[in-house]
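Written below as structure tokens is the structure these notes are about.
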């Protein structure tokens, strides 16, 4: 690219003119300086070029102008992606600094290249590009990945903190800077109050989510997490609303004769803009959820519907001068729950990934613009302004955090500790939002725009680098474990056991909402909304077959590698060792400890592991699968041998007839496998581990006499298809005994995850994506047991 | 709504406020069960009652194993089965609300005031350290012989460790674990030994759930 730049230097000057004409006033000043010098050169060049018309046909031509803009943009994005790959290859880096640091560095690098090669016409960001194309994906992604339950549980605190915090910060910083500007010595006398307020509002746009990844491992409690997340979500919207309002003020009242009526009108407008945006978002969210109800035959357009409706909500709100950001956020939040249940598995994955990708691209581009604008000549460095800006940002954030939380702690059941508040204060990292707003300040209204841009850049660099890098150690310091010495094996095991136990008991207790409103909403939701918005008779074809495929494949693998062989799970008293306990050497102890630490199952994370730039890896899903398969296998084994289950219950195998595949028929093995995969009809029962059972049973070559028949979780039936006829119905089982029922229903909890949400008001969010898969099953599972019993007349015997 | 069981049924009427007016699917039976009150706070009791009713899908008035298995998160918890089992002591098949609360009361956070005003004559509260440890101990000790044998330790290890660890390694770990804690050399870990091995650990904090305050 450097070579080309040298070769085709002149055409860029012409291009410069074109670009300058296209861009709005915001960017024109950037190109102005280059404009004037290059105006006469192109004319001469054009003349020269046109004097060689078509004398010969050139075999090889170079036309860089045609592709310049998309070409460069693509190169930038690729460069940022390569940098990210490198970033994540070094395992320690992501824990040290937030990824924003990396993006800024890449941006600065690109800016340096552009500046160094005197390439004066990079694609520039202007107001419409930013607000119409770059901002919506970022906000959409934030809204979509927000965990709804903790958000709504803490919504009072979050609103209080986000709204008031943003206002206090904006006004505080603005006013303080105004007083600084009054001091004659700093040469800032021409910056009036409105400009200061505007600057205050844009500099208080924080992006704290960027630092979340840094202290992920330190078990931040869920409430704190939610506060940070919620603040990030609402902060953008609020600052943009403020910004637009103040710009309107600035335009209207150039002569600073603002009357109190205007201020009141401004406040009223603030409220209306916010609430109107949210309302728009909710309406569009419901519409799109409703539409996804009917898309089962063309699942390829499901992501399209989701994205288009979100974007439409943004645009529609913006048309009426309502807050598009809040609209798109509300749309994402509303639509998420229903859409996730309606769309197919692949659409669901596509939506998630595409959203991440879009927002990642947007942010990368903004940071590149920021880098380009950093390395350049258009800065105005004013020591006083910049230093005071930095100082006031920190001071006002501290004031707002501690004051607001002090008040809200009086009303909370679980108050935030000082440590939590320190973390919130310190996570006030600025990001792409502030830069964009500063960059897009209209020069006509802000003669000293360059100073603002410079100050914004300094604040961003300072907060991202210094605060971003030190917040990790700070959090770990605050969260310090009391004992740093190595624990004995006993302690490690017991600690992990207690963690699992605690997580389990918390699940038993469920999540309690503190508000009756939420319960009422849940009831309303369950009774009306879900009926309207969620598909009936979810075909679940792809979900079912996917899950079955995964389970079966994994089960086959596990068996083949000998892990799930029967010896591994031998029944109790057979494995007693008679010999005495060996003495182990210290190295053995060390190695044992290492094995233990690295291999023990992780406790289920309660807080969603949210990473702004990446979708979390699926290790927890693998773990969950292992646990499930092992449990089912254990049960099957113990039932087969007729032994009591480990906890002393007699296995009631006598009266129980199991639902089964056509068992003992080797040819049916293949057919069932295929049948499972072709299960296209719908069913209301969860399916798959039965397939796994049958696979295991065949592989294990059981030829048992007793009724070791397998329960198909998937009753592919209601008597519809031929291959489903191989199931016997369990008619005479007891409800509570019965390993059958247990096994039958053991996977059910997975699929009841959704149901449970509806009825008990608890949601198991933050779980492995395994449950995400299952939680997308229909909600009407609770009655499947009754279905089973009532369907006994529909038995068909093979 | 709450079926009579061998234990005295739950009383809600004498609790003030909303608790006394808990609406349910049917008429409330009101008899006294003062034991429950110190175990958890009143607010928590109300919430637990809601939860109990939500889990009890068929409105039977008690919970069966199946009801507890409906909790999705427990299915992917390595100790899910054992936790569920701990709700059904002595082989019973149902757990009523007092039993439900009794188990969960173990996880109430320990207030500092509790330990100070401890009346030696009153029974130890369920959320004392000793009782918490006893609950955890019972998760290991399935045959209830008061000792964690090597085999029982091995079973727990199997539950909690990923599949890539070989059986031999597991046995080594189990051996070592028992060996470390066993003081009287009987090859098993008694409750006293168990308590001793965890004396440095902040059990109260690890086995407390905030929402049960």
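Placed from the backbone N, Cα and C atoms, the Cβ positions cover glycine too.
Residues or ranges marked as domain 'Cation/H+ exchanger transmembrane' in TrEMBL: A:77-476.
Away from its own ends, the transmembrane segment (A:96-117) comes close to residues 2, 5, 76, 79-80, 83-84, 87, 207, 210-211, 213-214, 363-364, 367-376, 429, 431, 460-461, 464-465, 468-469, 472, 612-613 of its chain (Cβ-Cβ under 8 Å, at least six residues beyond either end). What TrEMBL lists as transmembrane segment is A:96-117 (among others).
For the transmembrane segment (A:129-146), the list of distant contacts is 209, 229-230, 232-233, 236-237, 307, 310-311, 314-315, 318, 324-325, 328-333, 336, 351-352, 355-356, 358-359, 361-363, 365-366, 432, 436, 439-440, 608, 610, 612: same-chain residues at least six beyond its ends, Cβ to Cβ under 8 Å. As annotated by TrEMBL, transmembrane segment applies to A:129-146 (among others).
According to TrEMBL, the transmembrane segment annotation covers A:158-181 (among others).
TrEMBL lists A:193-215 (among others) with the feature transmembrane segment. Residues 94-100, 142, 166, 169-175, 177-178, 181, 225, 228-229, 231-232, 235-236, 239-240, 242-243, 246-247, 249-250, 253, 256, 389, 393, 396, 423-424, 427-434, 437-438, 441, 445-446, 448, 452, 455-456, 459, 464, 467-468, 471-472, 475-476, 610-613 of the same chain sit 6 or more residues outside the transmembrane segment (A:193-215) yet have a Cβ under 8 Å from a Cβ within it.
What TrEMBL records for A:227-249 (among others) is transmembrane segment.
According to TrEMBL, the feature transmembrane segment maps to A:270-291 (among others).
What TrEMBL lists as transmembrane segment is A:311-333 (among others).
Sequence annotations record features per position, and here TrEMBL assigns transmembrane segment to A:353-375 (among others).
Per TrEMBL, the feature transmembrane segment maps to A:381-407 (among others).
Beyond the ends of the transmembrane segment (A:428-446), by six or more residues, the same chain brings 25-26, 29, 98, 100, 125-127, 130, 134-135, 138, 195, 198-199, 202-208, 210-211, 235-236, 239-240, 243, 247, 250-251, 363, 366-367, 369-370, 373, 393-394, 397, 452-453, 456-457, 459-460, 463-464, 467-468 to within a C-beta distance below 8 angstroms of the stretch. Annotation source TrEMBL lists transmembrane segment at A:428-446 (among others).
If you look up TrEMBL, you'll see A:452-475 (among others) marked as transmembrane segment.
What TrEMBL lists as domain 'Sodium/hydrogen exchanger regulatory region' is A:567-674. Taken as a whole, the domain 'Sodium/hydrogen exchanger regulatory region' (A:567-674) shows an average pLDDT of 55 in this prediction.
Positions annotated as region 'Disordered' by TrEMBL: A:662-690 (among others).
Per TrEMBL, region 'Disordered' is recorded for A:755-798 (among others).
Sequence annotations record features per position, and here TrEMBL assigns compositional bias 'Basic and acidic residues' to A:778-789.
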For the transmembrane segment (A:311-333), distant same-chain residues with Cβ under 8 A (at least six beyond the ends): 131-132, 135-136, 139-140, 142-144, 146, 148, 151, 233-234, 236-237, 240-241, 244, 272-274, 276-285, 288
Top partner of the transmembrane segment (A:158-181) among A:227-249, A:270-291, A:381-407, A:452-475 - counted as Cβ pairs under 8 Å: A:381-407
Residues from the same chain, set at least six apart from the ends of the transmembrane segment (A:227-249), whose C-beta lies under 8 A from its own: 135, 138-139, 142-143, 146-147, 151, 154-155, 157-159, 161-163, 165-167, 170, 194, 197-198, 201-202, 204-209, 212, 258, 262, 266, 269-270, 273-274, 277, 321, 323, 325-326, 329, 416, 424, 427, 433, 437, 442, 445, 610
